[in-house]
């Protein structure tokens, strides 16, 4: 059994990264924790079999809309078996900050949806006009 200590940098805080890490770690049967650091990195400590830790390390190199892992500095050492499960450590006041950020995301989403519907409305009006023109031409063809 080995212990992985990794420091992850990039867009990894306030993005759901730690929750993803905890889920992935549990899938691999690892024990340990994940936490945010004040310097905007995330620290991961995980214990398990070497092959599982190697696969885990590759799986946590996430790049998507919210998460962008730029670098992982990893070190392996002997496991001491001090963890019974894998958990996410949340800092004091973190829930309040998350709710504030979620409210901002919700405002952006509402705005984007409203703008999208405005655009759809003008497209539907244009389609309706085109269909009326086509219908009129069909009537003309039937008369001839």
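Every residue, even glycine, has its Cβ placed from backbone N, Cα and C.
As recorded in TrEMBL:
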- 18: active site (ACT_SITE)
- 36: active site (ACT_SITE)
- 123-133: compositional bias 'Low complexity' (COMPBIAS)
- 134-144: compositional bias 'Basic and acidic residues' (COMPBIAS)
- 3-91: domain 'Acylphosphatase-like' (DOMAIN)
- 118-144: region 'Disordered' (REGION)
Nearest-integer angstrom distance between the alpha carbons (Cα) of residue 18 (active site) and residue 36 (active site): 8
With DSSP helix as H/G/I and strand as E/B, how many residues of the compositional bias 'Basic and acidic residues' (134-144) fall in helix, strand and coil? 10 helix, 0 strand, 1 coil
Find, for the listed active-site residues 18, 36, the residue with the lowest Cβ contact count at a 10 Å cut-off, counting only other Cβ atoms. 36
Per DSSP, how many helix, strand and coil residues does the domain 'Acylphosphatase-like' (3-91) have? 21 helix, 38 strand, 30 coil
For the compositional bias 'Low complexity' (123-133), the DSSP helix/strand/coil residue counts are 11 helix, 0 strand, 0 coil
